[in-house]
């Protein structure tokens, strides 16, 4: 329920006991003399034991002498508590009151209450058969006088007998009014055909799949117990559980209503059909708050959609910070992978992926747009591996963390989705000799690299090689952006995830977008060392977008296994690198595995320590850094020596003076 405050308007003919019901509700006693109309009364949440009750409930008494005020209150109501007490006031329910609501355009749930059932209450009390438990709702009735109204007016959700004089069902009537808002039956159950509605069925099926931890198609006793604790914060009663299973077995036996269904299998548990039938029975018997208790625990709203605030929580991300998975997030995705890898072959095949994403809208659009699963590591059967699975979620979180939080909830993450994420520190810049450069990075595990270069220079082959795939001679120009993501390990055992992006026809728009460049940790400038026209593209790119020099750069001479050509450019690659004070190009070939590994490690190290490959930071700057540190050390040494000398001199002087 999204409402924190609901408004109950009590109406009905004069003399039916509206004011007495409200007074009895608030004072817990019958008051014989009252004013005609009570002012609005606010009842706090602690009046009810339900954890889904609203923070405040306003009960509004009405009179019939001022129709304008009555109409105004009805239009501002959330639920109508319609009271009658005898045959005449009963007749006016259909002829007057329901017609008034419709003429006003008031399409609200109505709780019909027959007050002044004093004689019946006295009889039940004298016979000792009146249920004294105020929390029981079995006193809700559907005898002959209610059936025509329930059939004719879909707005009437439930009916109840009450007596303000004997404090009978007053609290229950109030609770029923609250429940029409907190736990509405209309979204769940179609009373005309006696079936759960399609959206309700979908939601309950998802709950079943998420609760079926061993994925055997049954909810066993342990799984039901865990579901009960999650939804209602209490353990299930063993006898009650057995009664539910016996009921399902009974109604699915031959010649019974569900004889064509398997609802419960002894020794295994309740089936998905059994779970749906159970919740249908709850709705039929007016116990749909139980179903809502289950759905609320899985973050469903009144429209049977998952709460957007839960799916996409608002997170304040400082400028130049990035979002990564936390250890808790990685643990969840590891567990999810292992749970659905039924054949334990280390990969998720199509059937396993179908089961895994059954509780979601399907594969994330981001994955589909980036050629899933071939943007990351797959096995020989083209099934995504655990390594690729984690790399993919690392990339997804980096590019759009809201997709990750959304799927965390869809897949059954039972904590705040923000707990599965962590935000890196804002990237800092330093300045030396008038040149800005990025400070070293210590807390990032996911790094982003843009690969730039002339067409047919070998960038796509490099992406494939990054994922351990063999070289292909076939050439296909890159139109749409391509992306690859994989993990790699540096010296010391630290693991990182590197995202390589080939921009295709989006290259110019992305390079013109400073925000997109802020997301880039390192530029990989590629040229074909066997094509004399290739390097000039890199030079013109840097001339056009001069601010690219602010990013760490790695030059790469691809196709190094072919004959090296002199570049037809006013400056050669090594000279250009010297001019920018960065390393000479790495000579790489997709057929030389060792050179590839060297490149990917180099890209990662440069992203972590940008000063080593930022244009314009020449040896003088680095020397100044060293000289500066040496100066600090020298000054510290002098100060330390002077302090020691002074201390020693004072000790000698003090000793001499005492002598």
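Every residue, even glycine, has its Cβ placed from backbone N, Cα and C.
According to Swiss-Prot:
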BINDING   12-19, 61-63, 115-118  GTP 1 binding site
BINDING   341, 343, 345, 352  Ca(2+) 2 binding site
DOMAIN    3-183  domain 'Miro 1'
DOMAIN    199-234  domain 'EF-hand 1'
DOMAIN    328-363  domain 'EF-hand 2'
TOPO_DOM  1-631  topological domain 'Cytoplasmic'
TOPO_DOM  653-659  topological domain 'Mitochondrial intermembrane'
TRANSMEM  632-652  transmembrane segment
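Distribution of Swiss-Prot features across the structure.
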residue	record	Cβ neighbours (10 Å)
12	GTP 1 binding site	24
16	GTP 1 binding site	24
18	GTP 1 binding site	27
61	GTP 1 binding site	22
63	GTP 1 binding site	14
118	GTP 1 binding site	14
341	Ca(2+) 2 binding site	19
343	Ca(2+) 2 binding site	11
345	Ca(2+) 2 binding site	13
352	Ca(2+) 2 binding site	19
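For the binding-site residues 14, 116, the largest tally of other C-beta atoms within 10 A is found at 116. Excluding 341, 343, 345, 352, which define the Ca(2+) 2 site, the same chain contributes 340, 342, 344, 346, 347, 348, 349, 383 within 8 Å (Cβ to the Cβ centroid), listed in sequence order. With residue 14 (GTP 1 binding site) as the anchor, the candidate binding-site residues are 341, 343, 352, and the one with the nearest CA is 352. Using DSSP to sort the residues of the domain 'EF-hand 1' (199-234) gives these counts of helix, strand and coil: 25 helix, 2 strand, 9 coil.
Mapped onto three states, the DSSP output places residue 116 (GTP 1 binding site) in coil. Mean pLDDT for the domain 'EF-hand 1' (199-234) in this predicted model: 96. DSSP assigns residue 61 (GTP 1 binding site) to a strand in the three-state reduction. Counting residue by residue with DSSP, the domain 'EF-hand 2' (328-363) contains 23 helix, 2 strand, 11 coil.
In space, 352 is the closest of the binding-site residues 341, 343, 345, 352 to residue 18 (GTP 1 binding site), judged by Cα positions.
Following the DSSP three-state reduction, the secondary structure of residue 16 (GTP 1 binding site) is coil.
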